[in-house]
Amino acid sequence: MGGPRAWTLLCLGLLLPGGGAAWSVPGARFSGRRNWCSYVVTRTVSCHVQNGTYLQRVLQNCPWPMGCPGNSYRTVVRPLYKVTYKTVTAREWRCCPGHSGVTCEEGSPGLLEPTWTDSGMRRMAVRPTALSGCLNCSKVSELTERLKALEAKVAVLSVTEQTVPSVPATPEDSALLWGSPAARGSPGDGSLQDRLDSWGLPGPTGPKGGTDSQSPVRIRGPPGPQGPPGRPGQTGAAGTPGKMGPPGPPGPPGPPGPPAPVGPPYGQVSLHGDPLLSNTFTEMGSHWPQGPTGPPGPPGPPGPMGPPGLPGPMGAPGSPGHMGIPGPSGPKGTSGHPGEKGERGLPGEPGPQGLMGVPGEPGPKGDPGEKSHWGEGLHQLREALKILAERVLILETMIGLYEPDLGSGAGPDGTGTPSLLRGKRGGHPTNYPIITPRRRSERS
């Protein structure tokens, strides 16, 4: 639930008393006044909503005096208001099931719910002008004052109804015992309690009425809809602090510090070895007695490599070593350029004549072949291709893809392109000749 409906429920929750569904007046004297129950009622109210959008035509500026053909439109917001209707949910106080009367003290044995008449429901309708701004929460104080004024009127009307002499009610007047729903507002805090003090203690319960066949039978209706959600609870106490986490990793090294101050000019540190491990200083003033020799110091770091020495004399030749393993074969080299063509050699001497061979045996006679088999097949294939080319040319001429000039001889034999097109456009049927391959006897 969000939007205006949520603001409506929030305003009603601030105005109406909180707590449970049943309302009770404190004090032992008013112990019978706790028979009020809240019911959720849905109403339709009117609101003024700003809605004034319309399309505006924008003309384009043209450099020439004539008008431009193109126009554009844009959406413009104009401060207009129109009346709309909203459905709001409110809370009303009525007698709980099983109780009746003006103050909801009279109990009924069957736990029956009150019967609301149509006239009472019409009087409880909310006027659209009463809710200014569609239940705006900025006027809470004004709504509170109006609610107190309505409670005072309800108390006055309740007192006047008690002073009216009671008459034996007929079955048609049974709805009047419940009071007017519009005249009964939500219970207040102090003003209603002060007026209840002046009424006095309730009278004794009257005798139970007899059963009558004409009396209306009241049946308990279904339960009402679920009420609005309650107010949010208070903020809980702060929890106990957690345990200390493990130490974090070491941070990066810091930047180098400033240089140390320069020492006195007479405090010369020995240049032999590390200055921090040396205790030899130049004495000034009086001479102190020489002490015993101390233990040798730790070895110093190796010095830098010196310059290479002169080459020594050549040594004696060594013994020949063993033959090594042959290495792998190298990659194949590139082919060289072809050499020049040599001179033609002298012709050789003719060889001796060979002996005449023995004649071979005659071979078997072959089968008689078919006469002009391959030639006839090739000729038929050539004729079929020629016929196919002529038919394709005829189709192209009929469709209009290829229109040869008159008298050029490009068209097929026996076909006229203008007559074909004329017959096609005029709608007259034209008998086209069907070309069939000529026989061999006809060609000869």
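Along the chain as shown, residues are numbered 1 onward.
Cβ coordinates come from backbone N, Cα and C, glycine included.
Matching Swiss-Prot disulfide entries to the candidates C95, C96 identifies the partner of C104 as C95.
Of the listed cysteines C96, C134, C137, Swiss-Prot assigns the disulfide bond with C37 to C96. Of all the disulfide-bonded residues in the list C37, C95, C96, the shortest Cα-Cα distance to N51 (N-linked glycosylation site) is found for C37. Counting every protein chain shown, the number of other Cβ atoms lying within 10 Å of the Cβ of N51 (N-linked glycosylation site) is 11. Secondary structure at T42 (O-linked glycosylation site), as computed by DSSP, is strand. The two recorded residues, C62 (disulfide bond) and C104 (disulfide bond), have Cα atoms 81 Å apart. With the fewest other Cβ atoms inside 10 Å of its Cβ, the least crowded of the disulfide-bonded residues C96, C104 in this structure is C96. C62 (disulfide bond) carries neither a helix nor a strand DSSP state and counts as coil.
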